[in-house]
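Everything below concerns the one structure shown next.
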């Protein structure tokens, strides 16, 4: 309990110190990491609580990004309205996708979200009149309010960090709430939860829509960070990237997905000096994660810590709840 | 009217290809509950190797066999050394196949480069033949014939042979089948090998219709998934009907509404999901 607060305080300290100590490049990398951490959180919310592995969370981010680009650049609507509409439309898409997928399980869900996600990718690619096709829509910029330019890397950092931390804290509360526990219960034993009178289908559906909305927030930041919206963030490559980060970090824990994103971005930066076989690296990381540490880095670290403090506890925690 | 016939024939060709792609995938899924998401990468692998063998030897048959064989080999290795380690954990198996697919596709990009590759066909196979309503390339007619023959062969094996009965028993009730002395793990390996082989062959055949290029693996995977979701996962009949629907919709949408062609491809799937989530011929989970 106490340790948890300590970790959070230490992380907050790092997040505050980062823009003060680091150069522009490191800060912009942190922005990107924060955005992908949100996407990975959205993935992990479904994977860790419900055993639902989704390949369309980046699609929701993409829908949100395209809405921002189209309404902001093409129609020149004001920033608050653009963001509100983007999040509304993303949530609506999540409602529709949720209705289509809520009855599927495990591999069926994975395949469905893959197919649905690729459908939106196809639309973004081929519906040139609206999306600009392959070239996308350029010139997406944050507004300037009261002399503060939100496009400046460090100002953007403050905004992204604040929102990301707030969302992680909210999800932290959610995981401990009765709703969060119900989701875990459904993953563990659906029949029992139903027999106890819990609205199983509604809980699943709500979690899906919530995860979609979180991905929508990531999408808003992503498009402002890139300044351009094109079909590539909706492709399977991005979806698998986020999945890999979440599996690597540990999708069952709150901070696992963020840890996975941080490690994966660092790894990619290091590897980029030697090879440009970007997707092969992702594939290898995913492969090794599943084979060697299916519960992710967060769990490995936690076990190590526990073994030091109370050696007898570690044996019991590793046996429970292997992949459902 | 000419356009209509042309689009219909294109749709049938596409359907034939889709059936060759998806039949193996759906059989493996039905038997093992493993969805091989490296299927598209196997297709690409079979295609590249097949085309190279055809270029080197000039023999289409050798090319088809080589494309099938390389995919079969990689499929068997993946099944033995990776999937068996996480057997029973459906999702881990699926994620492993995604990882393998990424690695294969990226390796192919290194070896064969990003330039589109098409199938070097002898003149007599490329030449159009008269089908009564219009002239149509001979090779495409052959693809349709091949798909129909493949469908009949798979159906005969599944319905009338001991092997087929054993596979069906393994699909229906794994434990009981094993207690009756059926070696289900061996059967699984065999079906997976056949599925991989078909993916590789589809890669060679399909290259006459769509050039091999970067990103095609994902498109092929997506198309195969759409077909088996429509038809019902695990059903051979479903794969045939799903392929027909998808092929036709794809061809006519490309002809009349090119901007939404890919989108329309998913429309039948979405409708099926709303009204019959288990697919046309699938059984409710």
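Placement of Cβ uses the backbone N, Cα and C atoms for every residue, glycine included.
The following features are taken from TrEMBL:
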- A:33-52: transmembrane segment (TRANSMEM)
- A:83-102: transmembrane segment (TRANSMEM)
- A:109-128: transmembrane segment (TRANSMEM)
- A:155-175: transmembrane segment (TRANSMEM)
- A:201-224: transmembrane segment (TRANSMEM)
- A:230-248: transmembrane segment (TRANSMEM)
- A:255-274: transmembrane segment (TRANSMEM)
- A:280-298: transmembrane segment (TRANSMEM)
Region pair the transmembrane segment (A:230-248) / the transmembrane segment (A:83-102), three or more CB pairs under 8 Å: no
Residue numbers, six or more beyond the limits of the transmembrane segment (A:201-224), whose CB comes under 8 Å of its CB atoms: 31, 34-36, 38-39, 41-43, 45-46, 49-50, 52, 54, 57-58, 60-66, 68-69, 83, 86-87, 90-91, 93-95, 97-99, 101-102, 140-142, 150-151, 156, 160, 163, 167, 171, 174, 179, 182-183, 186, 233
Range from A:109-128, A:155-175, A:255-274 with most C-beta pairs under 8 A to the transmembrane segment (A:83-102): A:109-128
Positions whose Cβ lies under 8 angstroms from the transmembrane segment (A:33-52), at least six residues beyond its ends: 58, 60-61, 106, 109, 160-161, 164, 167-168, 171, 175, 180, 183-184, 186-187, 204, 207-208, 210-212, 214-215, 217-218, 221-222, 225, 241-243, 245-246, 249, 251-253, 256-258, 260-262, 265, 324
Long-range neighbours of the transmembrane segment (A:155-175), counting only residues six or more past its ends (CB under 8 A): 12, 15, 18-19, 27, 30-31, 34-35, 37-38, 41, 45, 49, 142, 148-149, 210, 214, 217, 221, 224-225, 254-255, 258
Same-chain residue ranges lying at least 6 outside the transmembrane segment (A:255-274) that approach it to Cβ under 8 Å: 7, 11, 29, 32-33, 36-37, 40-41, 43-44, 48, 168, 241, 244-249, 281-282, 285, 296-299
